[in-house]
Amino acid sequence: MNTLAASFRQAFRSEPALLVRAPGRVNLIGEHTDYNDGFVLPCAIDFAATVAVAPNGLGRFRVYAADYAAHDEFPATQLPAHSPQTWANYVRAVVWAFAQRGLLPPHGADMAVGGNVPQGAGLSSSAALQVGVAKALQTLYGWDGDATALAQLAQAAENGFVGCRCGIMDQLASARGRAGHALLIDCRSLETEAVPLPQDWRVMIVHSNVQRGLVGSEYNLRRQQCETAARHFGVAALRDLDEAAFEAGKRGLDATVARRARYIIRENRRTLDAAEALRRNDAAAVSRLMAQSHAGMRDEFEITHPAVDTLVALLNDVAGTHGGARMTGGGFGGCVVALLPQALLAEARQHLAAHYHARTGLREQIFVCTPQNGAAVLPPESWQTPEQNGNGAATNTNRIKELR
């Protein structure tokens with residue numbers, strides 16, 4: 001954290017008023033259920049975006065991206081336009097969302113952003129950045145919205161400015177995560193429940209390094225197919241069907257659309273069952289449900305990839321009934337998530353190293369995580385210089401109060 005504070009000092013020749021950490025996330029089970037008003041079970045992870053911010057009184061936002069050594073600047077007195085720099089648009093999007101809600105004072109601010117969430121790995125690096133920026137501006141300007149409202153604002157930024165029609169799972173997991181727990185999210189009501197993970201379990205995320213070429217068009221097609229199925233049954237979303245109602249009313253439904261709908265209905269049930277299995281510390285049930293989830297994505301929703309299927313099989317060789325593995329994310333490549341006892345991590349690494357490249361010609365990339373708390377302001381003593389400790393906090397509080 002001191003590194004980002006130092007980057008802020010170097011970029012702006014002044015001290016940050018506060019630092020925020022916002023984690024990435026991985027989804028343990030519940031894939032493509034979010035836009036069907038269903039249930040998901042992600043957890044926040046110990047890879048995170050960090051944001052340092054301070055008021056500048058210049059009527060402008062000045063932003064420094066430490067990971068790219070790049071700058072951006074735009075007025076605080078009008079809605080921001082799009083930037084040619086991709087990273088900058090994620091920051092501008094949050095400012096835009098604040099401005100749309102009338103929550104943005106015209107004073108301006110300096111901001112440094114950075115982090116260690118692997119990009120392109122399906123771990124929500126962009127959502128972590130946007131939740132981090134939103135939390136920083138919320139604290140700076142005294143907006144009293146709760147974590148769910150913060151996630152909704154970050155989602156609006158992604159939908160309305162960046163132009164990605166995402167659900168709210170990524171932002172809610174980053175905003176509301178809880179250490180040692182997964183987060184069961186009802187994507188219709190936005191109610192959440194923290195579900196404990198066994199203390200000796202770890203979350204292993206394995207990137208297949210398959211380039212995902214079809215994910216955009218195929219994602220939209222799957223969404224359309226789910227909407228077609230919901231119209232066939234006369235329900236608002238597939239979340240409103242159980243398997244018995246589906247079987248009774250599927251006559252006349254296109255066979256492919258029926259497979260998609262069956263997967264969503266079953267995946268919603270599996271997600272609720274997985275949360276219950278975690279509460280019971282039932283590793284065998286978790287293993288079975290994750291295996292069923294992956295098989296459904298492969299055979300019914302048809303979004304996996306042969307290399308990803310290989311990763312899942314290799315991880316299950318090691319996990320047995322003591323853990324589980326499945327693809328996570330939009331599909332057609334990307335990552336596999338495994339829940340494993342810590343004692344099996346080394347064996348899993350060795351097994352993948354011995355067989356994955358030999359079978360696929362690809363090299364895996366492994367991240368081991370534990371569930372973390374959601375976005376939070378960091379205590380000043382974790383990033384201030386020794387000379388500042390003792391009076392820095394009071395100084396920063398006064399600087400923030402001047403804006404309110």
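Along the chain as shown, residues are numbered 1 onward.
For all residues, glycine too, the Cβ spot is worked out from N, Cα and C.
Automated prediction, rather than curation, is the source of TrEMBL annotations.
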Checking TrEMBL, the member of Tyr141, Tyr219 that binds substrate with Glu31, His32, Thr33, Asp34 is Tyr219
Helix, strand and coil residues within the domain 'GHMP kinase N-terminal' (89-177) as assigned by DSSP: 53 helix, 8 strand, 28 coil
Just give the helix, strand and coil counts over the domain 'GHMP kinase C-terminal' (274-357), going by DSSP. 53 helix, 12 strand, 19 coil
Given the recorded positions Arg25, Glu31, Thr33, Asp34, Tyr219, which one's Cα is the least distant from that of Ser126 (ATP binding site)? Arg25
Note the Cβ centroid of Glu31, His32, Thr33, Asp34, Tyr219, the recorded substrate site, then list each other residue of that chain whose Cβ lies within 8 Å of it, in sequence. Gly30, Tyr35, Asn36, Val40, Gly167, Arg222, Ile264, Gly330
